[in-house]
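Take this structure, written in structure tokens, and hold onto it; I'll ask about it next.
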């Protein structure tokens, strides 16, 4: 019997790593497929908008990689939720491969290292890679082909960004998150405590502070571009664009009218009399306009034969339905975010704690919807992925329609096949910053689900007995993980570590959510009625 039990125990030990490997492979295989789709989309998107005359290999590669990093970082949050949720069965018990606490810690560390890597790459892109490529292209001169001088000048301007990044990392390293245990400590003991805290956190505080600082800029971009994109994307889908046939007809009429005006002017000199200075100037302007109209006519003729336009015309009813759907989604986000902010205002400890709450006291529609979809695998993961991608694509739509602005000055326009390399670099940098704030926005929309996913736990409750001599009897009840759950029964997603490391940043993000609601609907409702 002992040998049989030993064999069974060894088989269970051997099965656990195999099950762990299969579960991890499943999660990361999905992430790999998403990665390949993201890279293909980034290549098509950048190639669609970049200028054919001013395209540069280095700026194109940088834009594609930066855009891919932004989308991959946004895709990591659903993977994080999926992995912590997949550790448990629907009845609240841990799966065999996740029963060991060390195994769960290993998976959590893998996700944490993923955040470390992607956030470090974002810092590298924002403070070194994109600024260097931007200034390298700005220093390009057709008369001067000295590449060394071009690189030298680009590095000179990039050093300023590196200094800012270093300052943020140093501040985040030595900002005390907790006071020393002994308040009567000497100054040397306090400094020693800071270094011990830095070693124990493995640099998490420094990286979190730098990312949180960038997230503040991302919050401004979300308020500006994402809120605008959530309004303009549905409107553009509903309104649509003018048909190619109508534009060709209008172009033909304009061309005939300009040709008629040119013939009238040339008729004045049919008998050999010279034209006046005013008529000659008008004739030159009309001939230049005629060339532009004929060029547009050729482009419209090519576009009319394009199969993509024919497919787009056939899908026009679907675009209208999709536009209406996006308006309803934006309305759902508005209501959910308003309830979430109101919940924080009523039930949190206030500004001193960053308006942080560890549960939902008011009914949150989106959070309840995600929890209701948990029994039907994998609908909740599909929905959280769609929400994440919706934030990113509405941001891209807002940037595409508004262009790149510095306060009231428009720097660049985003137009198909006519976008300058500098504009594409700016677009990707803004998207990197927006993605950083998107994680906090999604946490505000569904705090309980983003923290715990679809995890459940077993709660032991005593049963009443008629005879006290029989002892106490308990029954296990399956409950959804929330802030009241025991720490050893529910695993918190790793993204939460980055979202609430510093309370003062959380306070600013909270007020940023209110600003997002104001910008999203009150000005845009007027724009909606004006356009319709």
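Positions of Cβ are set from backbone N, Cα and C atoms, glycine also.
Whatever TrEMBL says is automated annotation, not expert-curated.
Marked as transmembrane segment by TrEMBL: 25-46, 58-87, 116-137, 157-177, 204-228, 320-339, 381-411, 423-443, 502-522. TrEMBL lists 276-303 with the feature coiled coil.
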Tell me, please, if the transmembrane segment (58-87) and the transmembrane segment (381-411) are in contact, taking contact as 3+ Cβ pairs under 8 Å between residues separated by 6 or more positions?
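Checked: the transmembrane segment (58-87) vs the transmembrane segment (381-411), in contact.
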What same-chain residues lie close to the transmembrane segment (381-411): Cβ under 8 Å, and 6 or more beyond its ends?
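Tertiary neighbours of the transmembrane segment (381-411) are 49, 70-71, 74-75, 77-78, 81-82, 221-222, 224-230, 232-233, 236, 329, 366, 369-370, 373, 423, 426-427, 430-431, 434-435, 438, 441-442, 445-446, 449-450.
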Would you mind giving the whole-number mean pLDDT across the coiled coil (276-303)?
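Taking every residue of the coiled coil (276-303) together, the mean pLDDT is 79.
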